[in-house]
Amino acid sequence: MFQTLMKSVFGSSNDRYVKSIGKIVDQINALEDQIKALSDEALKAQTQKFRDQLADGKTLDDILPEAFATVREASIRVLGMRHFDVQLVGGVVLHRGEIAEMKTGEGKTLVATLATYLNAIEGKGVHVVTVNDYLARRDAEWMGQLYTWLGLSVGVIVPNIPEHARRDAYNADITYGTNNEFGFDYLRDNMKHDRASMVQRPFNFGIVDEVDSILIDEARTPLIISGPTEDKTDLYIAVDEVVKRVDPEWYEADEKTKNISWTEDGNEAVEVLLKEAGLLETDNLYDVENTQVVHHLDQALKANIMFKKDTDYIVKDDKVVIIDEFTGRMMDGRRWSNGLHQAVEAKEGVKIEPENQTMASITFQNYFRMYPKLSGMTGTAATEASEFWDIYKMNVVEIPTNVPVQRIDEEDEFYKNTLDKFAAIAKAIAEKSAIGQPVLVGTVSIEKSELLSQFLDKEGVKHAVLNARFHESEAHIVAQAGRLGAVTIATNMAGRGTDIQLGGNVEFRIEDELKDMEDGPEREAAIERIKAEVKAEREKVLEAGGLFVLGTERHESRRIDNQLRGRSGRQGDPGLSRFYLCLEDDLLRIFGPDTLFAKMMNSNLEDGEAIGSKWLSKAIETAQKKVEARNYDIRKQVVEYDDVMNDQRKVIYEQRAEIMDSEAVDDVVVDMRHDTINALVTTACPPGSYPEQWDIEGLKERVEEVLGLAPPFDQWMEEEQIEPEIFEERIRELADKAMEEKIAATDPAMWKRVEKGILLDRLDHHWKEHLATLDALRQVVFLRAYAQKQPINEYKQEAFGLFERLLETLREDVTSILIKSEFRIAPPVEQELPDLPDFLTGHIDPLTGLDDSNDGDGSAQRAELFGSLAGSPRAAASPGGASGVTDNPYAGQDISRNAPCPCGSGSKYKHCHGAAI
């Protein structure tokens, strides 16, 4: 009450902040006549003028008023659109690195041009991030007209474009693309062995469209580039067959957390089934020998019970495709980890792709926090304002609408069960459609959208269904959802980014209806006809009450509900919104208070009868807040754990960059060799120990294993006052001499490439293994809570130790390969290297898709760079040490890398003749 009174007297802090920006808007408006008087050439010349001013010491804030006035006038001349004052406010907010919350239809795309142009003048690059490829292409083409007119370059990043085009797009002043494309390019760049092949340049300024969707909804799922491991198809299928025989009483499922566990009776029963299937190594299910089977059993149970087809995923083209729970869109290229995706594939009987090992990973939180300045736009951010600040240090500023919102948001209607609810929904839709009022229906899953479609078919109501199955036509369906009597069913908020205009969208109608008509008088006449029809239809829709938004159930997040409501009432248009709920809705069933069901049952509701109640609405809001808090905790935990990895990732990526930028890395290699020798001696002869305590035999073995040397330790031990430091110095001299002889017998230019190539390769290899270890640690560290320990603190401590071990192993590995291997110059490679290195073709991501053709160790690329490598710890050298890719008699044959080598050595193929493949 007191806060409400204070706001009414003094206004909210948001109101005061927006009002303060009004002074800048006044400066921009004061320049309008002056800028309007400029010729086209003079207006275009403003960009160079601003660049000169920046070079003379002015700041972006200094030139902001005139730059914004320039963009507004250029927009009028090029696009036929003038920025409103509230849009200028939004532009200032974006430039300051904040989030502009603007209602649907307020022109966020146009707002972005202000901050984008201003920051692009510096020439350091501006990234405009969208939620899908369609919007990236559309906005780059649409707003690109304005930027290029003003002398700026524009690029767009979409899947499957060549590397050179991708690099050119990043070098443009302004680059459009999706969050996935930007993130995966960052990871791929940091796996390359040559700086020239990288596509991104240093981060500068990013503007994230639909910022809540990208930075909040998708923040629970990290971006992962991975390579396939060994094929376990038979095991997945066998375990799935066992799980399909499981009795529901054998397990306990928690729908809130999507966790599932076996009961005591279930453990015993499933153990019998596994024995019958011949899947157990020992009699006891939980013996260590059965760890892998138990893991796949748990994943198969989760896949069969907790993951629902057409809700969590769909099957398309014989593949399991994940459905984004917030947008209803397909997440092409994304796969569940730890064997879960393979378990779902086995459940559905589709081709089982190999399980993958993480090679590079980053969360969206840590990716976007690398931008020195980041801003965002959305229609709904206020409910997550605290999270935006806690994670990204970004304020949310609510921008006033240009025209007051006329939409009426009605009370929710409650029904006893789903059938009653859907019958009422179908009836309401039929009534509204009959009077010409367009209806947009929001559902939470494909299954529900298709169930409602069946109800509407029975009512004889013509309608369009928009879900992950039909996403290709998404923009066109949404664009026409405001036509007279149109009924559109959309799963969650599919279609964000496309305005629903009452009466229909002129541009889309022209595109759909006149695509085959050539330019000329006939086409011009047809365009005028369509414009007139849309205008007349708009008037009829306005008379019918505008767009009616109908929600079939409440989402877990209030923000998603607000997004659905926000599709109606754009730019002062009339509109109506209403939600239909029942006790069988997931939100109420899983998270609703226990008393809700009793009160509903005692309300004497007849079948098909609805009830409206403030108490029920309050219960819904409480349940949503509970889920939002839980989801925030999950996202916060994700970033806490990734922060640990992120610190290590920065070190590794910075080290890679230094190596790539260095002409030679001989100093690094020498330091690694000396550090390795120090570690060998220190391990065998600990400081403060006596000679009789030294492990001389162990030191002999390790020096020969790592360095290929056989120093006379027995003679040295007979010397008086022998010290570990003397061992270290003498071993170092022997190792340095061996390396000097090797280098002297090798082409200097080749040796530089060898050192750099091996250093990068082994760094990548051990980083990949380190990521796998951290993943495994993450899976089990939560168990430390039972010992009254903080899992995150335990994770930090162990991760640090593992990272130190990574660096130690890297030093030893590089030293061993260089000192023990023999090299020869390979014949020159005539063909041009591919844009993407060979080892990237096995990655699971939107650019490259799935490919199980190699194990991702980069050997093919190394062979091209510096010839074959023999005698390393990873390869069995043939006599004379000249083993290599050209000496493999089995090259080209389809041999699994984990199969025994055909030569009969007893080693796996990948450790023998297949080592350089």
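From the backbone N, Cα and C atoms, a Cβ is placed for every residue, glycine too.
When the ranges 241-261, 346-366, 871-891 are checked against Swiss-Prot, the one recorded as region 'Disordered' is 871-891. Of all the binding-site residues listed (G105, G107), G107 has the fewest other CB atoms within 10 A of its CB. Within the group of binding-site residues (E106, D499), the Cβ with the highest number of other Cβ atoms inside 10 Å belongs to E106. Listed in sequence order, the residues of the same chain lying 6 or more apart from K108 (ATP binding site) and placing their CB within less than 8 Å of its CB are G90, A100, M102, D209, M377, T378, G379.
Of all the binding-site residues given, namely Q87, T109, the one with the smallest number of surrounding CB atoms inside 10 A is T109.
Report note: the ATP site is defined by Q87, G105, E106, G107, K108, T109, D499, and the residues of the same chain whose CB lies within 8 Å of the CB centroid of those residues, excluding them, are M102, T104, L110, V111.
Residues Q87, G105, E106, G107, K108, T109, D499, recorded as binding ATP, reach a greatest CA to CA spacing of 17 Å. According to DSSP, K108 (ATP binding site) sits within a helical segment.
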